[in-house]
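Now, the feature entries from TrEMBL:
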- 6-22: transmembrane segment (TRANSMEM)
- 34-52: transmembrane segment (TRANSMEM)
- 85-104: transmembrane segment (TRANSMEM)
- 111-131: transmembrane segment (TRANSMEM)
- 143-165: transmembrane segment (TRANSMEM)
- 177-194: transmembrane segment (TRANSMEM)
- 200-222: transmembrane segment (TRANSMEM)
- 234-254: transmembrane segment (TRANSMEM)
- 260-280: transmembrane segment (TRANSMEM)
- 287-309: transmembrane segment (TRANSMEM)
- 324-342: transmembrane segment (TRANSMEM)
- 354-373: transmembrane segment (TRANSMEM)
Amino acid sequence: MFETRFIPGLVVVVLAYVLNGLKGALNQEQFFAFLGYMVLSFFAYVLSYWMIPKIAQLTEKADIFGYDINKKGTEAGTIKIPESLGIVPATIYLIFNILGILFTRAYMPDLILSHISGLLAITFIVFLGFADDVLDLAWRYKLLLPPIASLPVIVAYTGGTQIVLPQLIRPYLGQSIDLGPIYYLYMIMLSTFQSNAINIYAGVNGLEVGQSIIIALSIAVYNIIEISTQQQHLFSLMIIVPYISSALALYNYNRFPSKVFVGDVFCYWSGMTFAVAAVLGHFSKTLMLFCIPQLINFLYSLPQLFGIIPCPRHRLPRYDQKTGLLYAIKTNLTLINLVLLIKGPTSEKNLCRVLLSFQILCTIIGFGIRYLGSQMFF
């Protein structure tokens, strides 16, 4: 079972792997420019870690707080927990990522347009996500936010709109097919899915940030594997590495027992960052292989999301005060409840371990599909 306290160590190992992989893939000037990016990412972590408790005091004073429903009926369930703290690492991420352009513009000028467009989209979604936290927007409006925010990414996209077809149907339709405008619609839908997928797979201390960091690490590893094929993978690393360090600072406060809640702003920020890294990095289809649990949760949730069966505001498990365990609610169609139905009642801390272990397992499966399955079918 993966221990949630190992996530910081996992981050260090992957980032060391990234640096080692870049040594042979970049020339000396590019490598030292990216090394400057890594230094900025470290300072983004330090500043985020320092700022989060200070901003938490301000959000609580502004009545932006919540109560931990999974501890209802206990003393811990009566404590006010500051909410929307995802705004802190998201803002610091944007600041340091913009500063990072100073290191890379001289050696990688072709990436500046993509970089600025991607950061513009992330800025839009962070602003809209925080507005959602404050104004508590209805779901019909939430679905409109990511498509609006993704427009700069769509405009800046310079890749192809063709998809390679499986070998079984190539005799009938050819090796590939050009989707044209439909591919742009697909990228908008991808941004929408990514921004909401984490938001509906949440409610356990540390789960939102934990799953996001694992997805981000998967993206970083994939970029290193593919870095020699095209320069866009270097751009994707520039987007994702500062995200990992900033989100890690938030994880330290959000893991069990949570001292702060991340808010919708974190979910939107994470989803759009992944979409920007994948779309402008030209691996949007591969990204979905790193989000298998989020896809399962979305498909399992469809009857409630479309109103076929009643959908409560919080589709969380039931907390039992006597045992201190979480019990599945069969009518709440989420992967969290499904795991509890299969595994049986467990503590919140252990449930997060199980879910993050499943995320890592699915990541390994995703890499297997990408590099073994694709050879069989494409």
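Heads up, the Cβ atoms here are built off N, Cα and C, so glycines get one too.
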Feature contact check the transmembrane segment (177-194) with the transmembrane segment (287-309), CB under 8 Å, 3 or more pairs: yes
The transmembrane segment (111-131) in contact with the transmembrane segment (143-165), cutoff 8 A, at least 3 CB pairs, sep 6+: yes
Result, the transmembrane segment (260-280) in contact with the transmembrane segment (143-165) (3+ CB pairs under 8 Å): yes
Leading stretch by Cβ pairs under 8 Å, where the reference is the transmembrane segment (234-254) and the options are 34-52, 177-194, 354-373: 34-52
Whether the transmembrane segment (260-280) meets the transmembrane segment (177-194): three or more C-beta pairs under 8 angstroms: yes
The transmembrane segment (354-373) versus listed stretches 34-52, 200-222, 324-342: most Cβ pairs under 8 Å: 200-222
Stretch with greatest number of CB pairs under 8 Å, the transmembrane segment (200-222) reference, 34-52, 177-194, 324-342 candidates: 324-342
